[in-house]
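**Q** Just dropping this structure here.
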Amino acid sequence: MSAIVDIIGREILDSRGNPTVECDVLLESGTMGRAAVPSGASTGSREAIELRDGEAGRYNGKGVLKAVEHINTEISEAIMGLDASEQAFLDKTLLELDGTDNKSRLGANAMLAVSMAVAKAAAEEAGLPLYRYFGGSGAMQLPVPMMNIVNGGAHANNSLDIQEFMIVPVSQPTFREALRCGAEVFHALKKILSDRGMSTAVGDEGGFAPNFGSNDECLSTILQAIEKAGYRAGEDVLLALDCAASEFYHDGKYQLAGEGLQLSSAEFTDYLSTLADKFPIVSIEDGMHESDWDGWKLLTDRLGKKVQLVGDDLFVTNTRILKEGIEKGIANSILIKINQIGTLTETFAAIEMAKRASYTAVISHRSGETEDSTIADIAVGLNAGQIKTGSLSRSDRISKYNQLLRIEEDLGDIASYPGKSAFYNLR
């Protein structure tokens, strides 16, 4: 039995300089697991609650000492002595202890830190790499990365309304080569922007954040960078967008301030369809407001056979909401953010539900990250097929890519890179 004998919660800083929660879990054998939780900038209204102190004079109210105290007191008391290898039972214990629908009492940040740290300790105790502990002998597929090379929206202080413009390397035989492709396109884009006298400063997720005149101009420039790096757009590298449409939906209209447009759901569907026709876009995330289910239905009916339509704010990694979306034919993919739901068990359940319905699952970081690379192990362990973890800069993003390189090396000849087949539900 891998009995838990000590739990330590602490307040650390994330990649934006805001407090977040870290947890150490010590087992009877002396084995330890450590985990840190991320935090989002654009968040869905139905996400599990991230507990903040609200004390204006300390970290502008963003401290997490209350969440840390919950770890060090009642959570510690509740799980001390439990078997760390019984993840589902441990997470159930956390859920019952919290007793709310949205984890608002203990805080999803406190609960997730403990859930992850326990899993890491149990994997170490078992002598298994974390991805293998999660997935067993069937874990052998590396994820296709969606690399956010231009940041807009809530992730950058520029004129772009769409939050993320991403490249997706698909023709490469290995993850290592896909990562190299992404890095080379990133540096080619930096040179193009520099030559134009445009900003090469980066946003929260490591992508560039220049002022483009339109989304169209931004996408065209990315195509130039792909070509400059020696790759073929539409063959070697595809494009993906995260609209984060909930952020610019006001008074029943999608208000693209950067382009001076106010569009209805039908008009915004037309807008996105035009972009998908003009550019090799394989995936669009949060193309409609999280509550605009009629708009989502329009978008899915229009593009759902040829473009991956990812629900992030729409589904918030929640099986109850995902089930409703599946039944209504809304979207065809779910973004998986571990801190949206708050425990590993619930996260894995969402991935499995998506797969059973032939929805793809994209494992994702948050804009406020740490050096914790657990999501890389989840992506491989659960054979998710896709990961979204930022650009090719900032060590908080690169840590996940580097972990995937290590995993691919560890897997050796049995490692596989799915490329275009990761989008298995598209025609």
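Placed from the backbone N, Cα and C atoms, the Cβ positions cover glycine too.
In case it's useful when we look at the structure, here is the feature table from Swiss-Prot:
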{"type": "ACT_SITE", "residues": "GLU205", "note": "active site, proton donor"}
{"type": "ACT_SITE", "residues": "LYS337", "note": "active site, proton acceptor"}
{"type": "BINDING", "residues": "GLN163, LYS337, ARG366, SER367, LYS388", "note": "(2R)-2-phosphoglycerate binding site"}
{"type": "BINDING", "residues": "ASP242, GLU285, ASP312", "note": "Mg(2+) binding site"}
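A description of the local structural setting of each listed feature is requested, covering burial, neighbours and distances.
**A** Under DSSP, GLU205 (active site, proton donor) is assigned to coil, being neither helix nor strand in the three-state scheme.
Here the Cβ of LYS337 (active site, proton acceptor) has 26 other Cβ atoms within 10 Å, regardless of which shown protein chain they belong to.
A coil conformation is recorded for ASP312 (Mg(2+) binding site) in the three-state DSSP classification, outside any helix or strand.
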**Q** Provide the number of Cβ atoms within 10 Å of the Cβ of SER367 ((2R)-2-phosphoglycerate binding site), excluding the reference atom itself.
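**A** Counting Cβ neighbours of SER367 ((2R)-2-phosphoglycerate binding site) within 10 Å gives 25.
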**Q** Out of GLU205, ASP242, GLU285, the recorded positions in the record, which is closest to ARG366 ((2R)-2-phosphoglycerate binding site) when you go by Cα distance?
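**A** Checked the recorded positions GLU205, ASP242, GLU285; minimum Cα distance to ARG366 ((2R)-2-phosphoglycerate binding site) goes to GLU205.
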**Q** Does DSSP put ARG366 ((2R)-2-phosphoglycerate binding site) in a helix, in a strand, or in coil?
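**A** In the DSSP reduction, ARG366 ((2R)-2-phosphoglycerate binding site) maps to coil.
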**Q** Compute the centroid of the Cβ atoms of ASP242, GLU285, ASP312, then list the same-chain residues not in that set whose Cβ lies within 8 Å of it, in sequence order, for the Mg(2+) site.
**A** GLN163, GLU164, LEU241, CYS243, ALA244, ILE284, ASP286, VAL310, ASP313, LEU335, SER364, LYS388
